[in-house]
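Visitor: Pulled from Swiss-Prot, these are the listed features:
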ACT_SITE  Cys119  active site, proton donor
BINDING   Lys22, Asn23  phosphoenolpyruvate binding site
BINDING   Arg95, Arg124, Pro125, Ile126, Glu127, Gln128, Asp308, Val330  UDP-N-acetyl-alpha-D-glucosamine binding site
MOD_RES   Cys119  2-(S-cysteinyl)pyruvic acid O-phosphothioketal
Amino acid sequence: MDKIVINGGNRLTGEVNVEGAKNAVLPVLTASLLASEGHSKLVNVPELSDVETINNVLSTLNANVEYDKDKNAVKVDATKTLNEEAPYEYVSKMRASILVMGPLLARLGHAIVALPGGCAIGTRPIEQHIKGFEALGADIHLENGNIYANAKDGLKGAHIHLDFPSVGATQNIIMAASLASGKSIIENVAKEPEIVDLANYINEMGGKITGAGTDTITIHGVEKLYGVEHAIIPDRIEAGTLLIAGAITRGDIFVRGAIKEHMASLIYKLEEMGVDLEYYEEGIRVTANGDLNPVDVKTLPHPGFPTDMQSQMMALLLTANGHKVITETVFENRFMHVAEFRRMNANISVEGRSAKIEGKSHLQGAQVKATDLRAAAALILAGLVAEGTTQVTELKHLDRGYVNLHGKLKSLGANIERVNR
């Protein structure tokens, strides 16, 4: 098993590139199943274990998948008759595998998908997915760890109001409705940039989707969708992680590919703390010096502060003066990294859904383990400024969402290595 070893204290400087977005490429790959004519080519695809997993899922469904890692490109040909079942072997590894259900229902009228896996942060229920499919005319039942869906009369447009703006449910319902007969209106939808990217992709394939990025999405179903070439948007969570790497080390970094409009809530908090940010068409420059101001953070659905940046922001707040409170409203079990920060001498207490940070912590190197994907990055960030040596284990989480993070940080001046232990 690998571990990352960091000797803290180096100020990071230089330029770094952002990969394609993990949270965009996974739904776009599954949406490629919608194309019954021609093949799709996706570019700017990050080399992640989750991409490998979803490619394997698509292959089991009888799609032909070619992954060129050297060119960060994936070709998907889904023109053959698709298999209806996404097996537990792959789906159990990653929650996003549930996203094949919408395309399978749209193409075949029936699907069997194992209940999903992924990071252990909260229950993340699938009720909203099921609600949407049922509204579109599918019969759903759960049996022996599988979700069985059947729309014997085909999917039909519907008016759907989500109880919560679930990202996955929004994506799944969009894909199912894109080939349904008639018009669908989905209210209280997720508004993340990744939703917009998915809608843009389906529209490029011949779909008719409007309103992505707003509270209400309207879909006019079409009879057929076609394979196209599509570039995945930059990863705003990786970009945010790298901005914090610059801020936490009081460094000077240009993050090429960072898009201001995709991370407005994070940028607002960084500026409130006294971090200097400069915006260019090609990316964002981050510089920081001296003491940072205390701020409170509350995670919310987009455009609120992203839960996927909560643990990285916690690492930064450990280096700021004063009293700080982080409130997690999206997932109920996303403070598992607090115990690991405490091993590094962090002064944090947790009360329910809030974590309280008192003063500036004198972080010390320790052996810590990643508890989920973003916590892995956060512990590495803390290690960049901790006194002494930090060792981060359980890197399987990190590899699900970051490409060569240690290498990028090393190129900026960090004393960091990935070693086989």
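Keep in mind that glycine also has a Cβ here, set from the backbone N, Cα and C atoms.
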Visitor: Give me the Cα-Cα distance between Glu127 (UDP-N-acetyl-alpha-D-glucosamine binding site) and Asn23 (phosphoenolpyruvate binding site), rounded to a whole Å.
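Guide: Cα of Glu127 (UDP-N-acetyl-alpha-D-glucosamine binding site) to Cα of Asn23 (phosphoenolpyruvate binding site) measures 20 Å after rounding.
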Visitor: Do me a favour and check the Cα-Cα span between Asn23 (phosphoenolpyruvate binding site) and Pro125 (UDP-N-acetyl-alpha-D-glucosamine binding site); whole Å is fine.
Guide: 18
Visitor: Would you mind reading off the Cα separation of Lys22 (phosphoenolpyruvate binding site) from Asp308 (UDP-N-acetyl-alpha-D-glucosamine binding site), to the nearest angstrom?
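Guide: Taking the Cα atoms only, Lys22 (phosphoenolpyruvate binding site) lies 12 Å from Asp308 (UDP-N-acetyl-alpha-D-glucosamine binding site).
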Visitor: Taking the Cβ of Arg95 (UDP-N-acetyl-alpha-D-glucosamine binding site) as centre, how many other Cβ atoms lie within 10 Å?
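Guide: Excluding its own Cβ, the number within 10 Å is 19.
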Visitor: Ranking the binding-site residues Glu127, Asp308 by other Cβ atoms within 10 Å, which is at the bottom?
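Guide: Among the binding-site residues Glu127, Asp308, the sparsest Cβ neighbourhood within 10 Å belongs to Glu127.
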Visitor: Taking the Cβ of Ile126 (UDP-N-acetyl-alpha-D-glucosamine binding site) as centre, how many other Cβ atoms lie within 10 Å?
Guide: 22
